[in-house]
Amino acid sequence: MKKQLEIERKFVLHRLPEKLLSNAHGDEIKQGYLLRENGRELRVRKRNGEYWMTVKQGSGLSRSEQECQIPAEQFAMLWPLTVGRQVEKTRYSIKQGDLLFEIDQFKEKLQPLILLEVEFTNLEKSQLFSVPTFVSWEVTEDENYKNATLATAGLPDSFVKSLTFSAPGEGTQ
């Protein structure tokens, strides 16, 4: 089982940053939540023909994460238990120096939501990070933008309201 501390900031985008994605490959992801209580989440995920079970704990900028690969048969058995708590998305992963940018373009009930997660090697780097101009706003501390919340509650009200306004520097939506 792989255990790590995850340090990341999360942002809403109103469009895919095409220039940044020009050399990126999109991975199709489907994930479902088996349990969510007391700041802990247990999920199963399919990505690129691999199957994973993950436990996340905490909230905001820094969370612990433990994950292990599981057989396809186990995923198939657990997936139906996540009905009503599922997310499907395309993830674009882009390395920028020692940073990892992950852009999630959500599907189905979560369209047209696009989130950027930037992973950092330490807290200091996360605080010194210059937010790119293509970002609409930060949602790192907003529980409504956690994948587990999105899976059950759908699009956050703040995002739905933003669709009637222009994103910074991007013209009318």
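Cβ coordinates are placed from backbone N, Cα and C, and glycine is handled just like the others.
Some features that TrEMBL has for this protein:
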type     : residues : note
DOMAIN   : 4-151    : domain 'CYTH'
ACT_SITE : Y33      : active site, proton acceptor
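Confidence annotation: the domain 'CYTH' (4-151) carries a mean pLDDT of 94 in the model. Counting only same-chain residues six or more apart in sequence, the Cβ atoms lying under 8 angstroms from the Cβ of the residue listed as 'active site, proton acceptor' belong to E41, L42, R43, T82, R85, Q86, A148, A151, T152. Counting residue by residue with DSSP, the domain 'CYTH' (4-151) contains 32 helix, 74 strand, 42 coil.
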